[in-house]
Every structure is written in C-alpha cells, then in structure tokens.
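For reference, the structure discussed in these notes is given below.
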Amino acid sequence: MANLISMASLLLLCFIPFSAAAHDYGSALTKSLLFFEAQRSGILPRNQRVSWRSHSGLQDGKASGVDLVGGYYDAGDNVKFGLPMAFTVTMMSWSILEYRAQLVASGELGHAMDAVKWGTDYFIKAHTEPNVLYGEVGDGNTDHYCWQRPEDMTTDRRGYRLDPSNPGSDLAGETAAAMAAASLVFRRSNPAYANKLLTHAYQLFDFADKYRGKYDSSITGARKYYPSVSGYNDELLWAAAWLYQASNNQYYLKYLADNGDSMGGTGWSMTEFSWDVKYAGVQTLVAKFLMQGKAGAYAPVFRRYQDKAEAFLCSCLRKGNRNVQVTPGGLIFRQRWNNMQFVTTASFVATVYSDYLTSSAGSLKCPAGFVQPSELLAFAKSQVDYILGDNPRATSYMVGYGNNFPRRVHHRGSSIIAYKFDSKFVGCREGYATWFSKKSSDPNVLIGALVGGPDAYDNFADERDNYEQTEPATYNNAPLLGILARFHGGHSGYNQLLPVALPPPPKSNPIPQKPSSSSSPVVILQRITSSWKAKGRVYYRYSSVLTNKSSKTVRNLRLSISNLYGPLWGLTKSGNSYTLPKWVGSLGPQKSVEFVYIHSASAASVSVLGYNLG
C-alpha cells in the first residue's frame, strides 16, 4: 500500500505545474526585514513591529563583567554566535550599499538600516578594548538542551572573549568587515556613528592580523555549531576589501595585492559563499575595484582574483569546469542542513556581478562559452522564484509569503505561546514536552524567515523536529535584502560601478569654507571644475585648495573630510583623518596645495583638525 501511495503521489506531482504567477518581490522584501526584528535580543525598541516578542537576554555578559545586551539570535536557538551574526550584518550592509535607491523606492531603507544598526550597536559593546572582542553569549550545548522562549531563558549567559592570548582572526576579521561595511551605510545620515564604526573596524583588523588564530580554538564551544573550516585567511582579505572600500586607504588595497596569492584569494576557486567561506565574496569585491579602475599597479593580481570570482559564477550557471549540484527543480544544492544559505549568497553575487558587467559593458567568459549579464540575473531570479514558490512542491520557503509555507518552524520563540499573551514561565525541559512535540502550527508566525529548504530531490517535511529543513537563520535572509530590492525596483539605469549618488548639488561656485577655528592659518576654498552625466546621474569634479595665510610654515596638517561619496586624489588617508602627501610634507607661508575628488553631491565638508607652526 505504501508503494502504491508513493507512486500515486509521484504521478500527481508530475502533473502539477510549478507556480508561474509573478511574485511580489516588494512584499517579500518587507517580510524578510520583519524576520530580523523577531531575532532581536535585548531591550526591544518602541517601534518594534513583531509584537509577539518581548525583552530578553537582559543579563547577557553580566557574569563576565561586561554589558552584552542586544544583538541577534542566529537561528532557532537563543545563543548569540558572533561569526554568523557579523556575516549577517556585512551582507545586509552590502545589500544596502548596492541597492540603496531601490530600498528607498520600496520604503524599506529605514528598516534595513535599523536592522544593521541593531547588530553594530552590539558589536560596539562586544569590542571592549582594541584587542578584545566578545564573540559569543550563551553556550550551544546547554541552550540546545532546553526549549524555551528567549524571554524565559535559564541557561548560562556568560560571554566568551578573544584577546591576544586567545586569538580569533576569522571572527575579528569578519566583525571588522561588518563594521567597515556598515560605516558606509551610515556615512551620509550619521557621519559621527560611521566614523565610530570605522575606528572599531581599523582596530579589529589590526587585532585579527597581528594575533593570528582560529576563533573556535579559543571559543571551543562554537566548534560544534559554527566551526571555522576555511580558517581565517579569507576573513582577513574580506576585511581588507571592506576597509579599503570604506576608507579609500591604499594600505588595504596593497594588503589585498600582497597577500592574494599566499592567503588564497587568487588561488581558491569556490563553489560556495557562506558565513565560513568568504573567498567568493572578496573575489567579487576585488573584481569590482578592478572594473572601477582602482587597481593601478596591482591590476595583474586583481585580475587573478576576478578570474576566481567568475569561476564561481560559471559553476553556479553550470558552465564551469567544476559545477554546483542542482535539484531536479533547479535549486542549487550543497548540503541537506540549511541549504538555503548557499542559494541566497550565490544569487546575491550573481545579481551584483550582473549589474557590474552591465555598467562596464562587459560579459562573463565561462569554459562553456560567453555569458551575458542578463543570464546571470535570470539565474538569480530563478533561485529566488524557487524560494517563493516556483518549485515542484509549490511551496514558499519564506514563512508568511504565499499560501503554502512552513507552519511548524524549528524555532523556540515562534513555537511557544508569546510571553505577552501568557507570561507563565516555561521551564527548560517543559518546552520540549509541551510545545516542541506539538503537531499543530506555530502560535506565532515567524514572518519573513527563510527556512533551510528542501533536500537534493526537492522533498521537504514541514516538521518542527526536522531542524535541517525547517530552521531559519539570519544569514539566509541577509543577502535576500539586496536581491529582492533589485528585483522589486529594477535597474533604473544607474551605473553600479560609480559611487552611490545623492541629488545634484546647488550651483554655487566657488564654495568657501571657514577654518575650523579662528586661529587656524589654513583657508579652504572649494569649487566645481567640471561635471558630466553618466547613466542618468550628474557627477562633479571638485577642486579643493588649501592656503596657508600665515607667515610661518604649517607642518603636520591633519584634515577631517566628511560627506565624501567618491574617490579623492592629492591627500593621504591616515586613520580617521587626511594628511598632505609625503612628497609635499609641509605648507610654506602663503603657499597653496590642491586636492580633488569626484562625486554626485554637494561639496564635502573639509575642516582642519590640527597642525604645527614652525
């Protein structure tokens, strides 16, 4: 009888077409952002939209003598694991940086930035000293022994730290990448916060690079759940790429060039991109630098990075020498446990690279032939559409999207009645007996959560104890933000390789700026010297002249420059400030020096931080 039923089911599936309706990417984007609010730990804000959640983890870190309240629970448990949390924030930030205009058009930019800031506020707390980073709160073993709402947790909530004696270059490097990427997100709206994030990023990168080691050798409890299989070289390169993008400091560009071969950036050809393995991500960023014309003398090395980025994409399209596996329904498949994480990261890289190629009028050369940007975008769309319901089961793997989605998610908070509706304490093991074992749908719908997804044959069992397939994770959703914004908002004719543009500035030429104090001898004069239109945007070249009005030589001049959204030439980046180039050194009496920059915005704010008169 069982065989007859199985055959009947198989025949039925053969005659059920995949869902072919056009998807509402805007709705999916909104829902995916709600999931991050459901994953919040700490004191929830007044504008919290996921109303069934309450404050939780209010004693986090107290046993270790540090305030670690806040941040995100990574998945269906209540541990705060630093490595996947940092990767989540990096990918959310990358999504915003590539598709800010589309997020604005969808009305979701504010929510996306809030999601990033919830993570970075926590990282600031966790980075207590330049060479100290708390990388985990809670213990996976004791946490998994219990099935409790976050609001009821009785498990150990101590913090686990990295320091020079207990290094973790992978975790510190990923957190540096997250802080650097996020600093770009807030550079316009909150420059002071952006500078703070960038300072933390500098320190974390130095810590990661100077004190080498795998984080799961220091925080051994993480090894069972988030082991650092790839090591830390990929995170060091990844962090350097984000720091270069955030600071324009040539040191980090040189780091990528000098270490590309020895650290695997130019050697590893990957078929995955994940919280553990960052090579495909850094290779894509370096390829972007190359296409932007920023590589300079490092172009030969950067082309080798690009070759590996394109090998990854060719493998995803199944046009490479070593291709990814796909299910019969066309979904990328790497492993049974939470396979969707690999689907969304690959789709994100394909989406942004398609736009890079379109902006540079290029194409992708695979072993099986040339690929146009539109084919990369079509691949990404096929993966997202599969997620949203275009699959053999006609199942949406995003909770709350469509009519047929997972109802018994492996998630403590969603599976137990909300604390706001019933505050009766749920004990450690009581949760398993009373709630985990229930066959009914979750009392709280975890809207927007992307679960682990189907197996290699498109099969899926919507059962709470099927953690490999029904558990969601923040790093599943993070890349989706950019993809869904792109598909909802379209390309809009912008140039993906130019700095993200602000509205054109008012015509005011020249643009004088006062010294930072009345005693400063340096006068700053800015003016627009040329402008041009590219892909519907007007870009301006600004000339900025620094003049020493005193009768003495100005030495060790330090400048602050904010609201700068494009490349700058003629100054040297030094930490959070700018200095004169070495070949200039000082500024003589009544002498002037010029630097230039290009962006599509009003003039940057330039001020004097310090100097010596001699």
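Using N, Cα and C of the backbone, Cβ positions are placed for all residues, glycine too.
Among the features that TrEMBL reports, signal peptide is placed at 1-21.
TrEMBL lists His410 (among others) with the feature active site. Cβ contacts within 10 Å of His410 (active site), excluding its own Cβ and spanning all protein chains shown: 24.
The active site annotation in TrEMBL covers Asp462 (among others). Using a 10 Å Cβ-Cβ cutoff, Asp462 (active site) registers 17 neighbours.
The annotation active site is assigned in TrEMBL to Glu471 (among others). Annotation for Glu471 (active site): same-chain Cβ neighbours under 8 Å, separated by at least 6 residues, are Ala75, Gly76, Asn338, Val409, His410, His411, Val451, Gly452.
According to TrEMBL, the feature domain 'Carbohydrate binding' maps to 522-602. Here the domain 'Carbohydrate binding' (522-602) has a mean pLDDT of 84 out of 100.
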Response to the item:
Across the domain 'Carbohydrate binding' (522-602), DSSP yields 0 helix, 51 strand, 30 coil
